């Protein structure tokens, strides 16, 4: 294996680790949602008033729902699980980004689909536009390392074909 291929593979792994860590953290932080929002509300004076109001409303909704209907958080548990399993999925391209390029392409598609989902569902669920844009940013920040990884994978394919 040439030095340039090794370098491209190393750069590809860095991009994939960013995605894996991001998905894992997203999954792990979905479990203690009520505690996390309570923390943000407690220290919300650093945020703009609109965000303070929104965080308090979200906290009250989660707290009330968890108190009366704790089974509703089971859906969030599955959301967390899905994020962690998606992180595991990226171990394939971490090992071989060429053979498993479909996983990278799937990830790119998922990141792109975040934007219409956030804007359409966010509107129906009465999520403030600033929060919808925050949700959209996950797709934007997720797609960047995946596109870089995909580009490096194509270069590896070309170099290995020579």
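Residue 1 is the first one shown; counting continues down the chain.
Glycine residues also receive a Cβ, built from the backbone N, Cα and C atoms like all the rest.
Note: TrEMBL annotation is automatic and uncurated.
Pulled from TrEMBL:
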- 14-33: transmembrane segment (TRANSMEM)
- 78-95: transmembrane segment (TRANSMEM)
- 102-123: transmembrane segment (TRANSMEM)
- 129-149: transmembrane segment (TRANSMEM)
Positions whose Cβ lies under 8 angstroms from the transmembrane segment (78-95), at least six residues beyond its ends: 12-13, 16-17, 19-21, 23-24, 26-31, 101, 103-104, 106-107, 110, 149, 153
Beyond the flanks of the transmembrane segment (14-33) by 6 or more, those residues with Cβ under 8 Å of it: 62, 73, 76-77, 79-84, 86-87, 90-91, 93-94, 97, 104, 107, 138, 141-142, 145-146, 148-149, 152
